[in-house]
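Undergrad: According to TrEMBL, the record shows the following:
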BINDING   29, 216  Mg(2+) binding site
ACT_SITE  29  active site
BINDING   30-34, 42, 46, 74-76, 78, 80, 197, 203-205  substrate binding site
ACT_SITE  77  active site, proton acceptor
Ligand code: FPP
């Protein structure tokens, strides 16, 4: 978050506090297109995207959302031009270093989810520090999916469970959803209730494949750098207007 004073913003009066999503997940898409439209290099879109994310985190905290997960870098994003990948890795590291103090003050618990071992070692160190120094915070849980892939996460969980079976520590009959969830990167954080994707693409793109089974989806044409509190307000209003049935029969 930036150094500007953090004045708590009230929840808009048309939203019901008791029907807010506990966990919001975001696919922050459209940074490159946003930059291109402004005649700027793609990386400027990512830089601007950080400000959008900081505003959303603050807004979630102010309005009472308990967890926010952002898709910052997918396992497929390594296929981007080397300069863009390098820029993003440096950006993550710099943002973490700059924002850690304020996030601690704001009682944010930071988590990174994904295959973190493949990230640059200096970034891994910053990630470890931020998670360690905020682990006891009781405010909003902010998860950053970095080098994250939903399929890879599921395969990794299967491998860990299979190994326990092989060692005779676990019987296959005892494998259930709750045990499986405990082997995912996201263990300990509830499933997302609302999944927002910007820039109009109607895809999950390998994000939270297990966890988003019953998430309400909200897709907006707005490009990520332009996603603001008003858009978030609209997404929450749309969420609150829906009936979540979880496969059961609704109030018809
Ligand atoms: C997708 O837009 C965006 C990304 C792959 C990067 C998102 C990362 C940030 C906003 C930085 C977050 C920082 C921290 C520390 C969590 P795109 O490049 O795919 O856009 P395009 O589809 O228009 O090309």
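Glycine too: its Cβ is placed from the backbone N, Cα and C atoms.
Caution: TrEMBL annotation is automatic and unverified by curators.
Small disclaimer: the values here were computed from a predicted structure and weren't measured.
Please go over these features one by one and say how buried each is and what sits next to it.
TA: The secondary structure of residue 216 (Mg(2+) binding site), as reduced to three states from DSSP, is extended strand. Take the CB of residue 216 (Mg(2+) binding site) and look out to 10 A: across all protein chains shown you find 17 other CB atoms.
In the three-state DSSP assignment, the secondary structure recorded for residue 29 (Mg(2+) binding site) is coil.
Residue 197 (substrate binding site) counts 23 other C-beta atoms within 10 Å of its own C-beta, drawing on all protein chains shown.
Remark: residue 77 (active site, proton acceptor) has 85, 88 as non-local neighbours, by Cβ distance under 8 Å and separation of at least 6 in sequence.
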Undergrad: In Å, rounded, how far does the Cα of residue 78 (substrate binding site) sit from the Cα of residue 216 (Mg(2+) binding site)?
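TA: So the alpha carbons of residue 78 (substrate binding site) and residue 216 (Mg(2+) binding site) sit roughly 29 Å from each other.
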Undergrad: Count, for each of the binding-site residues 29, 75, 204, the other C-beta atoms lying within 10 angstroms of its own C-beta, and report the residue with the smallest count.
TA: 204
Undergrad: If you count, for each of the binding-site residues 34, 78, the other Cβ atoms lying within 10 Å of its Cβ, which residue has the minimum?
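TA: 78, out of the binding-site residues 34, 78, has the fewest neighbouring Cβ atoms within 10 Å.
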Undergrad: Enumerate same-chain residues with a sequence separation of six or more from residue 46 (substrate binding site) and a Cβ-Cβ distance below 8 A; give 'none' if the list is empty.
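TA: In sequence order, the residues whose Cβ lies under 8 Å from that of residue 46 (substrate binding site) (at least 6 apart) are 31, 87, 88, 91.
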Undergrad: For 30, 32, listed as binding-site residues, tell me which one has the smallest number of other Cβ atoms within 10 Å.
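TA: Result for the binding-site residues 30, 32: minimum number of other Cβ atoms within 10 Å at 32.
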